[in-house]
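One structure is given below, encoded as structure tokens.
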Amino acid sequence: MSRRNPCKYEIRGHCLNGKKCHFSHNYFEWPPHALLVRQNFMLNKILKSMDRSNDTLSEISGAAELDRTEEYALGVIGVLESYLGSVNNITKQSACVAMSKLLGEINSDDIKGLRNKELPTSPKIRIYNTVISYIDSNKRNPKQTIHLLKRLPADVLKKTIKNTIDIHNEINVNNPSDIGVNEQNE
């Protein structure tokens, strides 16, 4: 039995070099050390792919304490505006987590009220419907919503964040908080 070196280019049972590969693909010929290295490599790949899709708030995926301290210092809107303006080195991950929290704060009934005031041909109706769908998705599964937001291209994500902030501000102008109403009455 010939002792060729184990293939370094094999991933999930397929060699990236194709038929011209001169390394061994027979696992029974591989020394135990090479099998352990391959097993560790495969487990790390599985862990990374699972972490990205399921657990968006873990340390591995990047939403650890750093993002939470940014949010604590700047607030949810501050993090999103910093991401839009490309200041304070806000990552896409922290912007998506902050966006999810903002979507949780907005009431979809308020947006439906704004949408119903618009003309049927208004381009704002599509924006309102998009934000409403993100709010509904966020209520069902916030982690999946964060994952969906992270998969958006940067320019589309920035446009979505800007539209959501505009709608949030529009709702706050139309429906002032109870504290503001009490101050106006006095």
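Cβ atoms are placed via backbone N, Cα and C, with glycine included.
Feature annotation from Swiss-Prot assigns zinc finger to 1-28; the stated evidence is sequence analysis. Residues or ranges marked as site 'Involved in RNA-binding' by Swiss-Prot on the basis of similarity to another entry: Lys8, Phe23, Lys92, Arg151. Residues or ranges marked as region 'Oligomerization' by Swiss-Prot: 32-49. According to Swiss-Prot, the feature phosphoserine maps to Ser58, Ser61, an assignment based on similarity to another entry. Here Swiss-Prot flags 76-169 as region 'Globular core', drawing on similarity to another entry.
Proximity to Phe23 (site 'Involved in RNA-binding'), defined by a C-alpha to C-alpha distance within 10 angstroms, is shown by the following recorded sites from Lys8, Lys92, Arg151: Lys8.
Spatially close to Lys92 (site 'Involved in RNA-binding') yet at least six residues away along the chain are Tyr83, Lys150, Ala154, Leu157, judged by Cβ distances under 8 angstroms. When averaged over the zinc finger (1-28), pLDDT in the model lands at 72.
Lys8 (site 'Involved in RNA-binding') sits 30 Å from Arg151 (site 'Involved in RNA-binding'), taking the Cα positions as reference. With a cut-off of 8 Å between CB atoms and residues at least 6 apart in sequence, the same chain places nothing near Arg151 (site 'Involved in RNA-binding'). Following the DSSP three-state reduction, the secondary structure of Arg151 (site 'Involved in RNA-binding') is helix. For Lys8 (site 'Involved in RNA-binding'), the Cβ neighbour count at a 10 Å cut-off comes to 15, with all displayed protein chains included. Summarising the environment of Phe23 (site 'Involved in RNA-binding'), the number of other Cβ atoms within 10 Å of its Cβ, over all protein chains shown, is 13.
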